[in-house]
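All remarks here apply to the structure that follows.
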Amino acid sequence: MLKKKIDYGREFLEAHLELFLCPKCQSKFKEVRGNTMICLSNHQYDLSKKGTIHFPNHHLTSDYDKEMLLSRRKMIQNGLYQKLEERLTSYIKEVGEESTVVDMGCGEGSFVNRLSQQLSDTTVWTGFDLSKDGVQLASDFSSDAFFFIGDVTQMPFQNESIDILLNIFSPSHYEEMSRVLKKEGLIIKVIPESGYLKEMREIFYQDNVEKQNYSNENVYEKFKKDVQLISEERLTYQFPVVHKDYEDILKMSPIHWGATSEAKEYAKEHPFKQLTIDVKILIGKKQ
């Protein structure tokens, strides 16, 4: 009999209950009773049928709709970020494959799914996002990872419980990251560089030079200010664009949000042949 998603979720929580902290009162969880997590103050969090949990105490909204998330998933599965994934896998292996890894802002879960396939079964994977659609899509993967709806400003983890925090094209909250990270743990943050997806910016914003350009200077300086920078690496390559993927490429990123309907139509009718991936990988420890 095929095991249900909710059963996988419950088994993960039972095996790793010591990782978690109640967002309402910051006490430990004492048990998983049925499909419900219960903390020492008796606050309860129920598993959904998908085996996920909604942790935040407040309402969260995300601009990332399901269509965009599915387009993004398709392109990740097609290898758009494979060279980046190879570098991330290498960094995780350096820490050790028995690590607990959290993907902050996991979206629809493809990075967790693909990275976990390259690493040992002893690696413990969790991912969270504020997008309910993203977390539900992430739970569709047949992996041992646990996904939940969460907020980067209030992660439901014990102090110094996490070995690696992955932060790929997502917001950060360094005070909270430092709280949950082990003393020798790593923050692996991926940020866009100036050439990232430049073909999309150029075709959507032909009359707006400012929107064609991107600078990560503020994000980079914030990282160096709040985190002990260990190393950094720039990774740049071109990904060939084939016709069947073109529509998904146009929809997979927030870049198209501010484009006019005329610009979107022009982009559809004038496909580019390659897409630039230009990122910086920042490796840091808490100060």
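Cβ atoms here come from the backbone N, Cα and C positions, even for glycine.
What you see is a predicted model, and the numbers here were worked out from it, not measured in a lab.
Residues or ranges marked as Zn(2+) binding site by TrEMBL: C39, H43. Its own atom aside, the Cβ of H43 (Zn(2+) binding site) has 15 Cβ atoms within 10 angstroms in the protein chains shown.
There are 30 other CB atoms within 10 A of the CB of E108 (S-adenosyl-L-methionine binding site), with all protein chains counted. Secondary structure at E108 (S-adenosyl-L-methionine binding site), taken from DSSP and collapsed to helix, strand or coil, is coil. What TrEMBL records for Y81, E108, G109, Y196 is S-adenosyl-L-methionine binding site.
The DSSP breakdown of the domain 'Methyltransferase' (98-212) into helical (H, G, I), extended (E, B) and coil residues amounts to 33 helix, 37 strand, 45 coil. Annotated domain 'Methyltransferase' per TrEMBL: 98-212, in sequence order.
When averaged over the domain 'Methyltransferase' (98-212), pLDDT in the model lands at 95. In sequence order, C22, K24, C25, S27, K28, F29, K30 constitute the residues six or more apart from C39 (Zn(2+) binding site) in its chain with CB-CB distances below 8 Å.
Y81 (S-adenosyl-L-methionine binding site) sits 40 Å from H43 (Zn(2+) binding site), taking the C-alpha atoms as the reference points.
Considering only the residues assigned to S-adenosyl-L-methionine binding, Y81, E108, G109, Y196, the longest pairwise Cα distance works out to 21 Å. Under DSSP, C39 (Zn(2+) binding site) is assigned to a strand (E or B) in the three-state scheme.
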